[in-house]
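A.B. asks: My questions will all concern the structure given below.
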Amino acid sequence: MLVRRYAEQFAINKELGKFIAASLASSTGAGMQFIGMSLLLYSMTQSAASIGWLLLVHSIAGILLSPWMGVFIDRWSFKRLCVASDAIRALALGLIPLFAMQGDVPIGIIYATEFILAACDRFHWPSSMGLIRTIIPESQLMRANARLGIANQLGMLIGSAVGGILVAAFSAIIVIYINMFTFALSALLTFLIKGLYAINKSRDTVEKPSVKKDWVEGFMYMKSRPKVISLVIIQIFGYMTLYVCNTLLPVFTERELKVGAAGFGYIEAAWAIGAIVGSYMLVKLMERMKFVSFGRISMLLIGGSLIVFLTSAHLAQAMIGYLLLGFFVVSNRIHNETLIQLEIDVAFIGRVNSMMVMLISYISLVVYLGVGYLGDAISIRWIYLLMSVLVILSPLLEIRFSRARKPMHAQTASVQANAGE
């Protein structure tokens with residue numbers, strides 16, 4: 001029995017290692033992607049508005065695809081979807097060097113490529129949440145997600161730093177080439193993953209219902225689970241914080257702190273360090289706190305971290321505030337994603353997550369368009385303060401829905417009991 005247990009754990013660690021390596025490669029590529037695409041576009045247009053349109057295209061992909069993509073994620077293989085989305089991203093990026101060899105790269109090609117990349121990303125994320133369920137038992141899911149969080153944050157940090165250096169030393173096209181390689185490597189590593197636990201996919205029958213019927217079924221499933229809705233509410237406020245910070249940070253560092261590009265880089269690095277430490281410490285925190293308690297308390301701490309940041313008059317305090325934001329925003333996101341994975345049946349994981357992606361995409365669209373204009377009308381600090389108040393109040397909405405929740409799966413309790421295994 002002991003030998004079998006060690007053999008099973010060895011197999012789990014082996015497949016999880018492939019998953020983490022694939023996530024590291026994919027997130028490194030994603031970190032390079034925005035740097036390469038945005039700087040290439042800016043060098044062609046010399047317009048900051050073009051970067052805003054690039055972000056807008058990214059959001060539109062989620063809005064257009066989210067209503068129906070979850071149905072197909074629940075019907076198709078999680079592994080094949082992850083492999084295909086990485087492979088398509090690598091091929092789509094190849095369009096840019098191909099046109100560059102012929103002369104100038106049309107601006108429309110850059111926007112079209114960004115749309116394809118965003119569409120693949122929308123398929124990849126929910127599919128990866130399903131794929132990990134095939135290699136990790138529920139009792140180890142929090143620890144596995146925390147390790148993946150570390151890999152993703154490291155990848156984004158490495159990708160952004162290396163991408164910026166390569167663009168400065170060579171050109172944005174070099175970054176695109178490396179980005180193609182990272183997505184191809186991620187596809188290969190994901191292809192090599194072997195499933196260890198069987199799962200029941202949606203509608204494993206010969207007769208397939210319509211997309212509309214499957215979507216309605218997913219909507220009714222989610223509606224019947226107020227616990228999931230309460231978690232989604234917390235997730236939405238977490239993503240709102242992230243989008244507001246990403247949108248306003250360049251303006252805040254220039255207009256309020258006056259620290260320039262170097263200060264901007266230090267503050268971004270502080271977020272990355274906080275995010276990595278938060279991912280690492282999450283399992284340790286779960287050994288001492290209840291699942292739901294951490295979700296609510298971390299939102300209050302996110303609001304407090306925003307206040308620390310918005311009141312900063314010098315670089316050091318801003319870095320401390322952003323480090324705390326990285327710690328609590330990322331650990332809160334991993335915590336909530338794990339609970340959502342545990343709360344929903346695997347057969348509905350695509351549809352539930354696609355609905356969440358749709359809501360987040362609408363919110364990102366409003367933030368990107370609205371916050372930028374609002375920042376020209378009032379002080380950036382007031383916008384951060386408004387965001388902190390909303391975040392601090394968000395647990396009240398979560399409590400409103402959680403009072404009507406159904407009991408959590410029995411396995412969820414075992415996760416908390418075995419979090420430190």
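Yeah, the Cβs are placed from backbone N, Cα and C, and that goes for glycine too.
So TrEMBL has the following annotated:
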{"type": "TRANSMEM", "residues": "20-42", "note": "transmembrane segment"}
{"type": "TRANSMEM", "residues": "48-69", "note": "transmembrane segment"}
{"type": "TRANSMEM", "residues": "146-168", "note": "transmembrane segment"}
{"type": "TRANSMEM", "residues": "174-193", "note": "transmembrane segment"}
{"type": "TRANSMEM", "residues": "228-249", "note": "transmembrane segment"}
{"type": "TRANSMEM", "residues": "261-282", "note": "transmembrane segment"}
{"type": "TRANSMEM", "residues": "294-313", "note": "transmembrane segment"}
{"type": "TRANSMEM", "residues": "319-335", "note": "transmembrane segment"}
{"type": "TRANSMEM", "residues": "356-375", "note": "transmembrane segment"}
{"type": "TRANSMEM", "residues": "381-399", "note": "transmembrane segment"}
A.B. asks: Within the same chain, where does the transmembrane segment (228-249) have neighbours whose Cβ lies under 8 angstroms from its own Cβ atoms, ignoring anything closer than 6 residues to its ends? I mean 6 or more beyond.
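C.D. replies: Here the qualifying positions are 222, 264, 267-268, 271, 295, 299, 302, 306, 322, 325, 329, 332-333, 336-337, 339-340, 343-344, 352, 355-356, 359-360, 363-364, 367-368, 371-372, 375, 380, 383-384, 387, 390-391, 394-395, 397-402, 405.
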A.B. asks: Which of 20-42, 261-282, 294-313, 319-335, 381-399 shares the most C-beta pairs under 8 angstroms with the transmembrane segment (174-193)?
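C.D. replies: Top-ranked stretch among 20-42, 261-282, 294-313, 319-335, 381-399: 20-42.
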A.B. asks: Near the transmembrane segment (381-399), which residues from the same chain, at least 6 beyond its ends, have a CB less than 8 A from one of its CBs?
C.D. replies: 230-231, 233-234, 237, 240-241, 244, 248, 252, 256, 295-296, 299-300, 302-304, 306-307, 309-311, 371, 374-375
A.B. asks: What else in the chain is close to the transmembrane segment (20-42), if you only count residues 6 or more beyond its ends and a Cβ gap under 8 Å?
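C.D. replies: Result: 48, 50-51, 54, 82, 86, 89, 93, 96, 105, 107, 110, 113-114, 117, 121, 124, 128, 147-148, 151-160, 162-164, 166-167, 172-173, 175-176, 178-179, 181-183, 185-187, 189-190, 193.
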A.B. asks: Are the transmembrane segment (261-282) and the transmembrane segment (319-335) close, by which I mean at least 3 Cβ pairs under 8 Å that are 6+ residues apart in sequence?
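C.D. replies: Contact between the transmembrane segment (261-282) and the transmembrane segment (319-335): present.
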